[in-house]
């Protein structure tokens, strides 16, 4: 992603809002949500409670929680900022994130809920050899989770830097550390049940807050969408930003400003689109939400509710993005601490002053906390349930032991994400999440689809698909311009970029599918026809799925 949506290296203070008011709203929100977590998360000693909340949520509740889990800092901060600077090309993120839900609904939501219990690996290993598949699946889960966590931590750093007018790197790092610590506390104290309620609260606040901002944006420009778009073009035309970049301001209304200049950028767009559209169906923290409802019917209802909320949200990001372009302007956005990631809070300030900015920013902060808590639960399940219980203890560990290992994992993964999030604070969060989607679509999706729909698929194919997708995606990201080779890279002073695309999906996703196919053909059959037949029946009917426990 080019420098237009990266943090300005010599950012100029925007000086908006009231830092004391902002931090006060944050503290109140943390106290309220922590109280909710403590009240609903008292019973988390058993693995069923800790990982899935006892599968006791209704479809409507879970739909709210899915929306809360999915609508991350990238969705709010990153996309609004990307649209404000790149126009239509920034909106491509909204389109990709939303279309991805149709893939998840059509291909994986119901069969995954019917076959699995706690984690993605439950499905992948159902008719294959447990240990190698669970280890591979856990590696894929942890890699995707870490990438996603890094994005949320970076978003938190950018957000609070704007709100508290913090410019020094060390204090921004402290902010990221505090977010990580609060996230760890949410998960340790509340498990999946506490985390789910936080996500439900956050979904209502976020969609409601964005709806209010959308209405106020139209009121502020005194017209409809056409007026808004014309104002955005005029603001770009008068900006130093457009003059420096050398583009026609009307380009913000059409495709190609960011991804249409060369063959490489066009291929990068295709790669990004593939990653976004296929990534959701392989995101472990989203897939895990299907296990928190008692039946497949409720799982389908969950996804329906989620699609309605998520679709409405992404339509409104179009208005907010162009609203930020028209009312704030690209010069002020790029000069703020956080650059593109600061566009939404700056727009809130223009619409309603310091108090409204504090409230919207608290919602954005809630977005970060809710998503990182869900990610931490997923990582803890991968280690506690898949590796410790199934591999190390051969399925003989007690539920209390699994939960203890999972809680230790939450602390470790939280600390790692804090460190990596600090290093990635200069990156646009939508771009970082797109990398997580690419890893998910490469490492997880091929194996999930093969497991559910190809009877001959075997352990060799599963392991080959996961590791090929995971390693190729990570290696190509490391060798891409996103990490080195230009001023906007993660390591701006170095240059080892030999892969031209910033997103690896175009190469790594097909590689994983091919590896799974070849591995199945050359590997030995698992001779588990009975389990394959049982899996097919369960995936279609839900027979044998664990019922919700009574709470």
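The backbone N, Cα and C atoms fix where each Cβ goes, glycine too.
According to Swiss-Prot, the feature transmembrane segment maps to residues 503-523, out of the candidate ranges 503-523, 524-544. Given the ranges 267-287, 330-350, the record in Swiss-Prot names 267-287 as transmembrane segment. Taking Swiss-Prot as the reference, the stretch among 144-164, 228-248 described by the feature transmembrane segment is residues 144-164. With a threshold of 8 Å between CB atoms, the same-chain residues lying at least 6 positions outside the transmembrane segment (432-452) that come near it are 72, 74, 78, 93, 100, 107-108, 111-112, 115, 120, 123-124, 126-128, 137, 139-141, 143-144, 147-148, 150-151, 154, 271-272, 274-276, 278-284, 424, 461-462, 465-466, 469-470, 472-474, 477, 482, 503-505, 508-509, 511-513, 515-516, 520, 535, 539. Outside the transmembrane segment (411-431) by six or more residues, the chain places 1, 5-7, 9, 72-75, 77-79, 81-82, 93, 142, 145-146, 149-158, 169, 172-173, 176-177, 179-181, 183-184, 188, 339-341, 372, 376, 379-380, 482, 490, 502 with a CB less than 8 A from a CB of the stretch.
Only pairs six or more apart in sequence are counted, and the transmembrane segment (267-287) with the transmembrane segment (18-38) gives fewer than three Cβ pairs under 8 Å, not enough to call it a contact. With a cut-off of 8 Å between Cβ atoms, the residues of this chain six or more beyond the transmembrane segment (503-523) that come close are 267-268, 270-272, 274-275, 278-279, 434-435, 437-438, 441-443, 445-447, 450, 454, 456-469, 472-473, 476-477, 480, 482. Within the chain carrying the transmembrane segment (355-375), a Cβ under 8 angstroms from the stretch's Cβ atoms is held by residues 16-18, 21-22, 24-26, 28-30, 33, 68-69, 71-73, 75-77, 145, 148-149, 152-153, 155-156, 159-160, 162-163, 179-180, 182-183, 186-187, 195, 198-199, 201-202, 205-206, 209, 213, 285, 288-289, 344-345, 348-349, 417, all 6 or more beyond its ends.
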